Amino acid sequence: MSHPHSNAVKSFLLDLQDRICAALEQADGKAQFAEDAWSREAGGGGRSRVLTGGEVFEQAGVNFSHVHGDALPPSASAHRPELAGRRFEAMGVSLVIHPSNPHVPTSHANVRFFIAEKDGEAPVWWFGGGFDLTPFYPQEEDAVHWHTVARDLCAPFGGDVYPRYKKWCDEYFHLKHRNEARGIGGLFFDDLNEWGFDKSFAFTRAVGDGYLDAYLPIVARRKEQAWGDRERQFQLYRRGRYVEFNLVWDRGTLFGLQSGGRTESILMSMPPLVRWEYGYQPEPGSPEARLYTDFLPPRDWV
C-alpha cells in the first residue's frame, strides 16, 4: 500500500531529520545524537535519535517513523469517524527539545502525512503538523520572533492561514484540567488536503523548514544567560505541565500507543527530570509570576 507521493514525502522527512539533528548538534557544541533504528511487527519502522547531556540541551529527541496497519486507531479517526477502521499509512518527524538552561525555552515540532484506504474507494490523504514554544522565563522579543517566523512562512499560502493555525495551536496545547496554556503556541494544523497535494506538501515543508529559523536564534540569545537553583526548580516544576499534556491530551502520543508504536520513541518527548509541588503559587510580581500573567494567556504576538 503506497500513495503515489509517499516516496517524495518520506525523502523530505528523512532529510528534515538529518538537517535538524545537524543544526542542533552545532548549536550544542558538545553532544551528538545517538541513532536507534527500529522496526514494527505490524508493519513499518523508524529511526529515533536522542541527544543527552549536552552543553545546551539536557535532552533532545528527533524521531522519524513510517508505519502502516490494517485499522486506523481511534485517536486518528476521532475527528473523522468516516475513516474509522480503514487501512492506513502514516509517516512523520516529531521532535522535542529540553534545554538545560531555564532561560532557553523547550520547543516541539512535528510534520506528518497520513493515508487511509478502503477497498473500492479512493484513498484519503492529509497532512498535519506545526511547532510550539514552551518558555519558563519568557522574553517578549523571543515570542515576537517565534511568531514572526510562523506568520511569514504562512503568508505565501494565504492571509488567513497564520491566524487560523495560530488559534488552533493555542486551543490544542491547552491543559483543560488546569485551564492553562502549555506555552506561547505557534502553529498547529491537521487534516490538510483541501489545497490539493502539491500546495499542502509545500506548506508542510515550509513548517518543517521554518522550525530551525524560529528556534535557533532564541537558543543563541539565551544559552549563556546565568541561572541558579531557583530557576532550575521552576523549570522542573513547569516541565510537569509538559508531562501532563503529553500523557493526558496529546493525540500524537495516543496514536503512537494505540497503533502499537515503539513506546521508547513515543515517550522520548518526556523531560529527563521533572517535579511536582502541591499547591505551588508564584510570588506576585516575580519573574515566575510573569509567565502566568503575561505569556500563557493567548495573545497576538505579531
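Each residue, glycine too, has its Cβ placed from N, Cα and C.
Around His108 (active site, proton donor), a 10 Å sphere centred on its CB holds 26 further CB atoms from the protein chains shown. In the three-state DSSP scheme, His108 (active site, proton donor) falls into the strand class. Under the heading active site, proton donor, Swiss-Prot lists His108, citing sequence analysis as support.
What Swiss-Prot lists as substrate binding site is Ser94, Asn110, Val111, Arg112, Gly260, Gly261, Arg262. Cβ neighbour count for Val111 (substrate binding site): 27 (other Cβ atoms within 10 Å of its Cβ, all protein chains included).
What Swiss-Prot lists as divalent metal cation binding site is His98, His108, His147, His177.
Model confidence over the region 'Important for dimerization' (242-277) stands at 90, taken as the mean pLDDT rounded to a whole number. What Swiss-Prot records for 242-277 is region 'Important for dimerization'.
Cβ neighbour count for His177 (divalent metal cation binding site) (all protein chains, 10 Å cutoff from its Cβ): 10. Among the features that Swiss-Prot reports, site 'Important for dimerization' is placed at His177.
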Distance [Cα-Cα, Å, rounded] between Val111 (substrate binding site) and His147 (divalent metal cation binding site): 18
Among Gly260, Gly261, the most crowded of the binding-site residues [Cβ within 10 Å]: Gly261
Cβ neighbour count (10 Å, all chains) around Arg262 (substrate binding site) is 19
Those recorded positions from His108, His147, His177 that fall inside 10 A of Ser94 (substrate binding site) by CA distance are His108
